[in-house]
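Structure in structure tokens, see below.
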């Protein structure tokens, strides 16, 4: 900390700030006592004429004293502002107990929890079911997931720039309402697409083939279900518009209304709620997938069947209604919480050193009020190399998070031979402690060790390097379950990669339709495409567990005894020995990826000026979404499609993928993960070396600030600190 010797006393060197504050709440509500209001005459006598502006004023002034600069901070309280909690004139005193940072944090966490549960939980959980129900490819479902970020990018500049200088809680409340509308739109295809009907392959039957059967069924099945992806994209676009204020205006509103040392904790709690939302979405969504999509209708399908489609739409109806309920209290919060402006100078003291012309522009009280200042605001951020590098680092992390969160359940489903609901639930069990715990722990560590600027970036470097090393877990993979005609021949020989041969001597005389995909596990440990391709009779028994059992299947070699083989409907269980180790390292990747999220966000807030924080977060989210969240699901979906072995045949057109090659899927995940992790590490390294620490520390300044009550009630106060 720079010190200036003036006799036996050392003064803290600070820029001179003149700023105003709203009045604090009294015990009986948010009303300001008349005695605490400073008259204009008293202000003029104490400090001279300050003008009528009620906004924070930043007027750097230099005064030479014995060849040294002694600069002081003056605190000036403004006239009363409306800081009551309520709606228009309806501001009952019973509501003022919530008019605190903690009260606002509660409702903001509820909104972020709901957004995370909907966008990053339910959608990622049901994506496989939607592909199945509406005949979509993975890249098409990836485009649905990316539509959220596309809408956010289109709105971020407008929302962060004008919302940053406007009434933030109102922007947030209306955003949550739009989010709820998007959820209702997303559930709409279930009610307009008609009933989900599946033709089951029950076995050989009579064994007769109808020559015109395929043509008739193809003609009748041309329903254009894949066009419903446009409705899903519209719902996601509304989700993106509604969620845009949450992670820009919501974060800066918290940062503006709490002490700077507590800001990482508040933001970490907020982001932890946003992480726990997807976790709850995975768990609740997984449970909903165990309910048949046509609720109340009986079906012979089981949850283990690849043709099973769960009730994917129920969660979106619930979140749509909940969003309307959460938006109401958020709309009632004031522009500023009582006593918040006492933290302005503390935030300014922690800000990275800016160039003279940048500091002069943002110190103007009128800066950022009109659209004419928008080009200059963007230019000032583009000239900040630390900010740009942190944006690029965030984009690389967002690519992985978006891609893996969208297709993580599908990866588990393929590797461990699980049903869609089992895979979603397992992935949720990893996300709950790893994502939520990592986010909360990151903010706690920044506060615990008083990390500032360069120290925060060093911490991000450590987290990125650790998760990069853990990503080598994808060198491992679980072998594919042997599937006759797909991964292995009917006589046990291996098939050339990419070559399918479902016909064999044991089923050649029967009329087996490849569109009837209904896998079953034979007693020989091999999985078969359908009962017909396994040579099973039409009649099937039902065991005590409710599963269908086929006996006398001609293509299954019984190993325990001579005679015909048996088979059970559903996939064969995976015997992967490396499953526990793979899950542990995936947990490490997730926790260290999220461990750096709050520190990186805090570093972004500390490397730009106070007036540009909302706008800077908006620009950062544009970069993160444009380069990360939008291409992430699309790229990962395209990569996963490359690993497909068996496609659904929709009358000569590819439907969704039935079977993936596990080794190729792991290899592609490894290449993608290492590429983006290395880039992120390099961006953090460059940001560390280009970051310029502030010339004044905020540690000494914090002790010199008045208490919250005095900051709000005392009309005039000079702050000097001995060190």
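Using the three backbone atoms N, Cα and C, a Cβ is placed for every residue, glycine included.
According to Swiss-Prot, the protein has these features:
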type	residues	note
COMPBIAS	33-46	compositional bias 'Low complexity'
COMPBIAS	701-723	compositional bias 'Low complexity'
DISULFID	506-536	disulfide bond
DISULFID	521-555	disulfide bond
DOMAIN	500-557	domain 'Kazal-like'
TOPO_DOM	1-102	topological domain 'Cytoplasmic'
TOPO_DOM	124-142	topological domain 'Extracellular'
TOPO_DOM	164-169	topological domain 'Cytoplasmic'
TOPO_DOM	195-224	topological domain 'Extracellular'
TOPO_DOM	256-274	topological domain 'Cytoplasmic'
TOPO_DOM	296-309	topological domain 'Extracellular'
TOPO_DOM	335-380	topological domain 'Cytoplasmic'
TOPO_DOM	403-422	topological domain 'Extracellular'
TOPO_DOM	447-450	topological domain 'Cytoplasmic'
TOPO_DOM	474-582	topological domain 'Extracellular'
TOPO_DOM	606-614	topological domain 'Cytoplasmic'
TOPO_DOM	641-673	topological domain 'Extracellular'
TOPO_DOM	692-723	topological domain 'Cytoplasmic'
TRANSMEM	103-123	transmembrane segment
TRANSMEM	143-163	transmembrane segment
TRANSMEM	170-194	transmembrane segment
TRANSMEM	225-255	transmembrane segment
TRANSMEM	275-295	transmembrane segment
TRANSMEM	310-334	transmembrane segment
TRANSMEM	381-402	transmembrane segment
TRANSMEM	423-446	transmembrane segment
TRANSMEM	451-473	transmembrane segment
TRANSMEM	583-605	transmembrane segment
TRANSMEM	615-640	transmembrane segment
TRANSMEM	674-691	transmembrane segment
Go through the chain and flag residues at least 6 beyond the ends of the topological domain 'Extracellular' (403-422) whose CB is under 8 A from any CB in it; none is fine as an answer.
120, 123-125, 127-129, 138, 141-142, 145, 278, 282, 286-287, 289-290, 303-304, 308, 310, 431, 477-478, 481, 571-574, 576, 579, 582, 632-633, 635-637, 640, 660, 662, 665-666, 669, 672
Using a Cβ-Cβ cut-off of under 8 Å, list the residues of the same chain that are 6+ residues beyond the ends of the topological domain 'Extracellular' (296-309) and lie near it.
129, 132-133, 195-196, 198, 200, 289-290, 419-421, 517-519, 546-548, 569-571, 658
Cβ-Cβ under 8 Å from residue 521 (disulfide bond), same chain, 6 or more residues apart: which ones?
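The answer is 527, 528, 567, 568, 570, 571, 572, 573.
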Given the disulfide-bonded residues 506, 536, 555, which one has the fewest other C-beta atoms within 10 angstroms of its C-beta?
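Each of the disulfide-bonded residues 506, 536, 555 was scored; lowest Cβ tally within 10 Å is 506.
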In whole Å, how far does the CA atom of residue 555 (disulfide bond) lie from that of residue 506 (disulfide bond)?
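Between the alpha carbons of residue 555 (disulfide bond) and residue 506 (disulfide bond) there are 5 Å.
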Please identify the stretch among 103-123, 143-163, 310-334, 451-473, 674-691 with the greatest number of Cβ pairs below 8 Å relative to the transmembrane segment (381-402).
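The stretch with the most contacts is 674-691.
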Per the 3+ Cβ pairs under 8 Å rule, pairs at least 6 apart in sequence, do the transmembrane segment (103-123) and the transmembrane segment (310-334) touch?
yes
Are there at least 3 C-beta pairs under 8 angstroms linking the transmembrane segment (583-605) and the transmembrane segment (423-446), leaving out pairs fewer than 6 apart in sequence?
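The transmembrane segment (583-605) and the transmembrane segment (423-446): touching, yes.
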What stretch of 451-473, 615-640, 674-691 shows the most Cβ pairs under 8 Å to the transmembrane segment (583-605)?
451-473
Top stretch among 143-163, 310-334, 615-640, 674-691 for CB pairs under 8 A with the transmembrane segment (451-473)?
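Most Cβ pairs under 8 Å with the transmembrane segment (451-473) come from 674-691.
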Could you give the residue numbers and ranges of same-chain residues that sit at least 6 residues beyond the topological domain 'Cytoplasmic' (256-274) on either side and whose C-beta is under 8 angstroms from one of its C-beta atoms?
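Distant Cβ neighbours of the topological domain 'Cytoplasmic' (256-274) are 101, 104-105, 108-110, 112-113, 115-116, 246-247, 250, 336-337, 340, 343, 346-347, 350, 436, 439-440, 442-444, 446-447, 450, 597-599, 601-602, 605, 698, 702.
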Per DSSP, what is the residue count of the topological domain 'Cytoplasmic' (256-274) in each of helix, strand and coil?
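In the topological domain 'Cytoplasmic' (256-274), the DSSP-based counts are 13 helix, 0 strand, 6 coil.
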